[in-house]
Amino acid sequence: MKIIGGPASQLLASRTARALGTEPVLCEFNRFPDGELYLRIADEIENEKVTIIQSTPTDSDFVALLQLIDACEGAAEINVVIPYMGYARQDKKFKPGESISARAIARCINASRIFTINIHERSILDHFPCPAVNLDAASLVGEYIAGSGLENPMLVAPDEGAQGLVKNVAAGHGFDHDHLQKTRLSGDTVVIKTKNLDVTGRHVVLVDDMIATGGTMAESVRMLKAQGAIDVHLACVHPVLTRNAALRLFNAGVKDIIATDTLEKAESLLSVAPLIAEALKRL
């Protein structure tokens, strides 16, 4: 199995290759004077099984993925791992005339099989023109929290939609878990608090699949601290963290931010490489 890392996932590809006892394939990435992307696979892959690992947080990264798939023509098998898939949040029409961007992107990516990691909406997998599997990094996040030294942490989902992820993170560790609920007290007064459990005197870990602007999370952090939490930590799979999101969160009182390397950020403290490697070993 040859591992090829795209420009957005160089470290993750290297870690995955190491977990499989091999080295990543060498590639050249450059840009033409007009800004167009140039890439070349420098190693021989003819009749080999290859796996491309490339997140697509930007349009350019998506183009790079398409180019890498095309450059692998002649390989015996082409697997594609998209650790973080951009445009996945536009999985339905919110207004008449809109594009379902996740569907449009998925339809363009064809390979022997595709792997995603905690994709925002699982129904997107049905739009790929080939078999697609979603891997769950929840156990990795749970293991990290268990080894972090936090005493009796409480895991909290920011909304009902993230409850499934929080339950999976807590599984096998006995962590208490709950989700936040908004209660409108008046026309302009809304209180955010845990639905069932009291956060007073607890180390709280807010868990979600991704953190983007951090606005909602920052408000939740302030509320939890005001309600008596000792401290509030954030854990996510995908650290999108646009613009000044990290600064906004720390200003709100977050103790720390824990994320995986589906996107390579300063907050990427744990790697999904073992998860990818295990999936590839099963092929």
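Numbers here mean position along the shown chain, with the first residue as 1.
The backbone N, Cα and C atoms fix where each Cβ goes, glycine too.
Annotated features in Swiss-Prot:
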type	residues	note
ACT_SITE	LYS182	active site
BINDING	ASP34, GLY35, GLU36, ARG89, GLN90	ATP binding site
BINDING	HIS120	Mg(2+) 1 binding site
BINDING	ASP159	Mg(2+) 2 binding site
BINDING	ARG184, ASP208	D-ribose 5-phosphate binding site
- [ ] Note down the number of other Cβ atoms within 10 Å of the Cβ of LYS182 (active site), including every protein chain shown.
- [x] 11
- [ ] Taking the Cβ of GLN90 (ATP binding site) as the reference point, list residues of the same chain whose Cβ is under 8 angstroms away and which are at least six residues distant in sequence.
- [x] GLU98, SER99, ILE100, SER101, ALA102
TODO: Could you round the CA separation between the residue listed as 'active site' and the residue listed as 'Mg(2+) 1 binding site' to a whole angstrom and send it over?
DONE: 22
Open item on the list: Just to be sure I understand: of GLU36, ARG89, HIS120, ASP208, which binding-site residues have a C-alpha no more than 10 angstroms from the C-alpha of ASP159 (Mg(2+) 2 binding site)?
Closed with: ASP208
Open item on the list: Helix, strand or coil for GLY35 (ATP binding site)? Use DSSP.
Closed with: coil
- [ ] Would you please pick out, from the binding-site residues ASP34, ASP159, ASP208, the one with the fewest other Cβ atoms within 10 Å of its Cβ?
- [x] ASP34
